[in-house]
Every structure is written in structure tokens, then in C-alpha cells.
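Presented below is the structure to which this report refers.
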Amino acid sequence: MDTRVATRSPQAGGNSVVQGMIMALLVVVSAGYIFIWIMVPTNTFKQHWLLKIRAESNTTYFGSQGANFLVFTFPVLFVAALGCVFLHLGKKRSNEHDSKRRDGKNRTVAWKRPVIIKGLGIVSRIELAFLVMFIALLVWFYTVYVRNGFDSITPKSAAKSGMKVWQAKLGSASLRLGLLGNLCLTLLFFPVTRGSSVLQLFGLTSEASIKYHIWLGHTVMTLFTAHGVCYIIFWAATHQISEMTKWAKADISNVAGEIALVAGLAMWATTFPRIRRKMFELFFYTHHLYIIFVLFFVLHVGIAFACLMLPGFYLFMIDRYLRFLQSRQNVRSVSARILPCETVELSFSKTKGLSYTPTSILFLNVPSISKLQWHPFTITSSSNLEPEKLSVIIKGDGSWTKKLHEMLSSPSSVDHLDVSIEGPYGPTSTDFLRHELLVMVSGGSGITPFISIIRELMYASEILKCKTPSILLIPSFKNSSDLTMLDLLLPIVGSPAEFSNFALQIEAYVTREKQPAPEGKKSLRTVWFKPKPSDSPVAPILGKNSWLWLGAIISASFIIYLIFIGILTRYYIYPIDHNTNGVYSWSSRAVLNILFMCISIIIAATAAFLWNKKQNAMENKQIQNLEGATPVASPNSWFYNADRELESLPQQSLVLSTNLHYGERPDLKKILFERKESSVGVLVCGPKKMRHEAANICSSGLGANLHFESISFSW
């Protein structure tokens, strides 16, 4: 949430016009792309449009791939690249945009109201509408495909192939199940592309979009499994079971499809909630089979047909490689504050150029615990209020987090912590300021994303003197020791008097204790780390203009890829195959395409990364000089205050605004229905039961002023 004062300038007005033009173009291209997919199963597309496109694009440089590049790959990459420009301009004028949202009415409020669907959880009416439309597209896709396929099957045509009519129809229906699965596969990788411009254009983040990936993953594997099983039945019924061992040179490779299906089934088996929760490491490592799945899928269908699902995976590969480059650098760990409730606050040095919004997350790797495991955590610091520090709170609930807590809390604690980071990732902007009141309901560690929101609103209220909503924080904890997490609400900068104009009321609940615990509490420890010369502050991997750089990487890498493929096809494949697709090996062509795709992404992304790394190194040197020149911190710096116990900080205003309730749970229905403010934002982060209870209250129709939002968190 960028909360700086909004001032309209001629440049901002010009950006607004350009943004409007870009958005109009993006809408037109996206609508055309969707329309193409609607028409794909029809005879009009297959027998007329596609033939004309192939006739125009079937050159000696791209062959039959050219048509699919033009129709299915280029539009998505164009939207992704141009969307980066749109987001860059939007980042520059977000101040004015946020101001307008605060003053205007939100016309989509009714569509954002939550609905609880069994099996899907909490979804908004917008999500439900899109889900219904997507299901309608799947039904349309399959019925049209099957109808057109069955129309060409007659007793005579079936007998000519040595089959009965039902057998021919079974084979046709089996093929169409695979084609339907390809449609879902086209979308599968978009939600897990963390730095995706496409998600941001829809106002989504990868963390909040994981549920879409889960839905699509289940659908893809259901369809592909049905596709495989039906084909096995078909081959058995027609005495062609030997087809299972077929790896054709210039046709569909059944063996490759079977390998892809087995890899997919192995991933799918570990995704179900009970297995994922109890054996997360098995789920984590098994999910890397997506490499085998995608590789053998391409070998199964050929690269020309794989171009249909290529765009989403192409953007995922760019994002994955950029994350790989970022993860190679150790970040500068500054301190670890160990709370009595088996919770650790880790703080890292960051560059001032790194900005992020509240509720953003980062992925953290500690090689001394596991070199392969990356865990997401919600960022609790504010990039505006704390420009040189980035913090996360880690609760010792899982095996990995418990090992980290034990390592840091042991008497012989380490004096240096090697840490690598990927991120941060989060929404481009937030609209919390549009409400008159924010009710934040949390359970346990669910309070972590609210800390970043509260600190950002503090910055808006006290530094920028903006009007901010009042806050009612309702945290629920199991034990009184967890109450120490409330001490982290106020940042360690200056005194609480700086936040005297900030309206915050806390109603904290301790559910498993009837009365306050005895005073014999454990002391809080602060562990300071010694930085290594090779450690660097957390910095934006692509610099301050990250969206422009990402757009350049997408464009440049695809152009390089097209050049490589054009040269390969014209001077190596075409002299052998002459665009017949019946001589040169499909597998060889697919492997070469994937190889050149990877090389193109590596070239473009590495060049952008190294350029920005050079710029970040200059800022890093300035930070090192500043730290070396300031051995004694000023009273207003976080270095000075962080060495004092949380309980001794001047947090009188926080204590006075806090009411403690023991042995009970919050009555959310009573609390929410008593709010008479015109607009009440209800933010919930915690257990499923808590989220569903709040969603039911807000969607009941009895509180038109209640606007529900489920906040995802990682800890």
C-alpha cells in the first residue's frame, strides 16, 4: 500500500492516458485470445481459419510451428510484456489512484462478497462467476469436440479401420479428453509464477492464487488420467495393446505420454491435504517431478502442439530462473529476537530501493538446516516506515522452524546466520484506506500479516498525516506466552508518542487459560549476527524499474528464441523434412526447442540481472560505509532500540489500548454486527473455522457495511 500524499501533475495525467490506451489494447488482445480458444474445437477454426493461418505462416523458418506461435504463444507473451509497462506506469501514479479509491465508491463490493462452497472453501462471487464460465468453456470444448469427432464415425469408416462403431467412438472420446486436459494445462503455471505481470493485471498475487493452481492441477490430472485409462481400454478392446510401447519418430509418442502421466500421478498423490500436512517434505520434493512431467508431455505431443500451453510455462521458466539467480546470494542477517512463545523475529538489512506492500511474503532458505528447502514467511516490517530493515516472524510449529528456533535459542547460539532469500512478492497496491474501520481477526500466528498493515497505516497517519481508518485488532492465542507477539506491533523506531494520532484498539483472547500466567516469564533474547563481506542487503533483483526489466526480458528472450529456432529450422531441419512433419524426429525437434528456449531465457535474464547487480553493488557499498562510520547508533535508530527488551520499550499507549480476555473466544457475530461505521473492512487470517465464521457473518446480508477479505499468511 503506497500511502504517500497524492498530488496530481501533468506527468501523472500523461501516464494515466497512456495507461488507459495500454489497458484498452490489453483487453482487446486478451478477448481475442479467449475467443480463439472458444473456437478451437469447431470445424470453422480447424478447417478454415487454421488452414489459412498455416498457409500464410508455414515458412521455411518455422514450419507448422509458426501458426501456433502466432495464434497461441505470441498473444500471451505480448500481454505479459505490455502488462509490465502498464504496471510500471501504475506504480508511478499509485498515490493518486489510491486517493481516488478512498474518495469513490467501490462498485464491485457486491461481487466481492464471500460465498462458502464445499470443497472450494471461501470464494468471492467474482471467483464463482469466473469458475462457472470456465466450467462452461470445458463443457463446450468437450461436447463440440466429441460431436464433431462422432459425426465422422460411421459403420463403414469404423469397419475400414477394423473396429466396431463403439470402439471408434471410445478412441475419439479418449483423444478429446487429452485435448481438454491441454486447455487446463495452458493455465496451470500462471498461478505459481510469483513475479507474474499477468496475475498483477488481474489484481492477484501468486500466494493468493495457489488455490487456482490446486483446482487446475486436480482437473488436469483427472482429465489426463481418464485420457490414459480410456486409451488403454481402447487398445485392449481393439487388440492393439502393443501401442503402449510405441515411440514414433514423427508422430505421437505413447511411451513419453505414459512417463508424463506417471510423474503427474506421483505429484498428484502427495497434494491431498492429509498427506501434504503430515509429510510436507515428501510433497515438496515430489513436486519437482513437474520437470519430468512437462518434458515428456512435450515429447508426447510434439513441440508444435505444445505451443498451446507454452506461454504459461515460458513465463514460469523466466520467473524460476530469476529466483535461482537471486537465491545464489547470501543476504545480510542483522539480528534475531527470540520471544518466550517459541517465536523468532529475523531481521535483515535491505536497500532503500526495495519497496513492498503489506501482506507481502518472501521465501527463505537456511543452508545449515536444509540446502533444498525454501519456506514462505509473511513480511512484518514496512518498507516506508523501516527503509533499511526487513523482518519476518517465524513460529516454531513445523520441523524446519523448530530446528531454526532451537539453533538460535541455544546457549551457544551462532554469531552468523547464512540465509538466502527469494522475493519479496506481494500485491502492487492495497486498498485498506478506503474503509472507515478495519477489523482484523487473527488466530495464533495469523497476526503476522496484520503487523505489516498496522505499521504501514502508522506511516500514513503519523508521517504523511493522512486520514487512516481506525483499527480493531482481535487476536486469539492458545497461551498467554503468545501475547508477547503483540509487542511487535510497534516498530522499533522512536517513541510511541509519534503514533499518538493512530487509532488502535486491541481485544486479545487467550483461549486455553482461565487467568493470567504467573509472572515468572522467560527473558527475551536478542542475538546479533556478524556480517560477512560477501553478504548483501536484500535488494530488488531487477532494480527499481523491475517491471520494465521484466518486460524487456520476456520480449528479448522470445525474440532470441525465435532467431535460434528460425536458423535451426531453415538450415538444419527444413533440408531434411521440407515442412512435411513426417521425416525429422518430433522428439529431436522438441528437445532442441526446449534447449534453445532455456538458452534464450538464460541470456536475457542473466544480462538484466548482472546490470542491476552492478547498480545494487554501488548501493551496498554505501550501506557498508555508513554502518562502518556509525559505531554508536542514535537513540532513534532501530539498532539502538532493538537491544532492549520488548517489555521495557515505552509502549504505554499500546498497553492502554489493550483488553485481555481469558478462557473464551471472540463472539465475532456480536462484535461485527455492533459496528455502525459506513464501511468496515473485515480482515481474517487464521484457522479455517475462523475464516468461515467471519465469511458467513459478512455474507449474511445483515451487515451491508461489512466487507470480508481473507488474508493468506506464511510463517
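Every residue, even glycine, has its Cβ placed from backbone N, Cα and C.
Fair warning: this is a prediction, and the values are worked out from it, not measured in the lab.
Under the heading domain 'FAD-binding FR-type', TrEMBL lists 326-431. Across the domain 'FAD-binding FR-type' (326-431), DSSP assigns 13 helix, 40 strand, 53 coil.
Among the features that TrEMBL reports, transmembrane segment is placed at 20-40 (among others).
Among the features that TrEMBL reports, transmembrane segment is placed at 61-89 (among others). Beyond the transmembrane segment (61-89), the same-chain residues lying 6 or more positions past its ends with a Cβ under 8 Å from any Cβ of the stretch are 15, 18-19, 22-23, 25-26, 29-30, 32-33, 36, 50, 53-54, 196-198, 200-201, 303-305, 307-308, 310-312, 314-315, 428, 545, 547-548, 550-551, 554-555, 558, 562, 565-566, 569-570, 573-574, 577, 579, 581.
Taken from TrEMBL, the feature transmembrane segment covers 128-146 (among others).
If you look at the transmembrane segment (173-192), the same-chain residues 6 or more away from its ends with a CB under 8 A from one of its CBs are 37, 41, 137-138, 141-142, 145-146, 149, 198-199, 204, 206, 209-210, 212-213, 216-217, 219-220, 223-224, 226-227, 230-231, 234, 297, 301, 305, 308-309, 311-313, 315-316. The annotation transmembrane segment is assigned in TrEMBL to 173-192 (among others).
The transmembrane segment annotation in TrEMBL covers 212-238 (among others).
Taken from TrEMBL, the feature transmembrane segment covers 250-269 (among others). Sequence-distant contacts of the transmembrane segment (250-269), counting only residues of its own chain at least 6 positions beyond either end whose CB sits under 8 Å from a CB of the stretch, comprise 217-218, 220-221, 224-225, 228, 243-244, 275, 286-287, 289-290, 292-297, 299-302, 581-587.
Under the heading transmembrane segment, TrEMBL lists 289-316 (among others).
Annotation comment: TrEMBL describes 547-573 (among others) as transmembrane segment. Residues of the same chain lying 6 or more positions beyond the ends of the transmembrane segment (547-573) and with a Cβ under 8 Å from any Cβ of it are 60-63, 65, 69, 77, 80-85, 87-88, 91, 195, 197, 314-315, 318, 322, 584, 589, 592-593, 596-597, 599-601, 603-605, 608, 612.
The transmembrane segment feature in TrEMBL is assigned to 593-611 (among others). Note on the transmembrane segment (593-611): residues 295, 298, 303, 314, 317-318, 321-322, 325, 541-542, 549, 552-553, 556-558, 560-561, 564-565, 568 of its chain, located 6 or more positions outside it, place their CB under 8 angstroms from a CB of the stretch.
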Leading contact stretch, 128-146, 212-238, 289-316 vs the transmembrane segment (20-40) - CB distance under 8 Å:
128-146
So what's near the transmembrane segment (289-316) in sequence-distant terms, Cβ-Cβ under 8 Å and 6+ beyond its ends?
63-65, 68-69, 72-73, 75-77, 80, 182, 185-190, 192-193, 196, 198, 252-254, 256-257, 259-260, 263-264, 266-267, 554, 558, 581, 586-587, 589-591, 593-594, 597, 601
